[in-house]
Amino acid sequence: MTDQSPPRRDHIRSFVLRQGRVSAAQSRHHDEGMPKWGVPYSAAPLDLAGVFGRAAPRILEIGCGMGETTATIAAAHPENDYLGIEVHTPGVGSLLKEIATRGLTNLRVVQHDAVEVVRDMIAPDTLAGIHVFFPDPWPKKRHHKRRLLQPPVVSLLASRLAPGGYLHCATDWEEYARQMLEVLSGEPLLANTAADFAPRPDYRPQTKFEARGLRLGHGVWDVVFRRRPEKSPAGG
Ligand SMILES: C[S@@+](CC[C@H](N)C(=O)[O-])C[C@H]1O[C@@H](n2cnc3c(N)ncnc32)[C@H](O)[C@@H]1O
């Protein structure tokens, strides 16, 4: 397959691309920021050291939304490099605005389906961490098949972590939280860092939306697993 071929798709997508409104500011930041901090999808392993211009721990964030959390974490941890993945143009525009206004040098963006990005662009056994914060819960039973965190994708994510690297998922949807715990517990390459749900690690900032939910008595669940020391089958 050449870089120009359409990506192979053998999975159900976890998102539906809607023609959402893109504000003038998001559009401008998208146009100006993509050439500087956007990484185009390509069906070939990405040279992360080349992208960031240094060797540092690399952390992937899947589904950055409007990017506030992603940018806050990157700003607080200049020692790490962050690759954010998001499909929606308004969110990518917002994230690029955050990079520009905060002057971040350790954050890049890929606008593409994260499953294909991880499968095609990330080499096995390389990442220090993967964040999946508040993935779409797809609450209706007939839509559960669209949930991102199912066994094949969790196996793929685990294979891309370096031994000792972590997979951190968070959700405010209790039933999805239980699914996350079950699916991650069933992945042989991963071990839970807690007895079941984990306390929120300090690096994950609490959003306004989350704080409001907690005040109203709604829960938020963090699930943090670590890659076991053995090499992944995908890594050979
Ligand atoms: C509910 S939002 C959460 C956003 C953000 N993480 C937060 O905590 O506010 C989920 C986001 O994941 C994105 N998304 C879902 N599936 C994706 C995929 N396969 N690849 C990239 N982005 C995806 C959606 O576009 C959406 O912006």
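Glycine is no exception: its Cβ is also placed from the backbone N, Cα and C atoms.
Automated prediction, rather than curation, is the source of TrEMBL annotations.
Look at TrEMBL and you will find Glu61, Glu86, Asp113, Asp136 tagged as S-adenosyl-L-methionine binding site. Classification of Glu61 (S-adenosyl-L-methionine binding site) by DSSP places it within a strand. Around the Cβ of Glu61 (S-adenosyl-L-methionine binding site), the number of neighbouring Cβ atoms within 10 Å comes to 26.
As annotated by TrEMBL, substrate binding site applies to Lys140, Asp172, Thr207, Lys208, Phe209, Glu210. Counting only residues at least six positions away in the same chain, the Cβ atoms of Asp172, Val220 sit under 8 Å from the Cβ of Glu210 (substrate binding site).
Rounded to a whole number, the C-alpha distance linking Asp113 (S-adenosyl-L-methionine binding site) with Phe209 (substrate binding site) is 25 angstrom. Annotated pair Lys140 (substrate binding site) and Glu86 (S-adenosyl-L-methionine binding site), C-alpha to C-alpha distance, rounded: 23 Å. Cα separation, Glu86 (S-adenosyl-L-methionine binding site) to Lys208 (substrate binding site), rounded: 21 Å.
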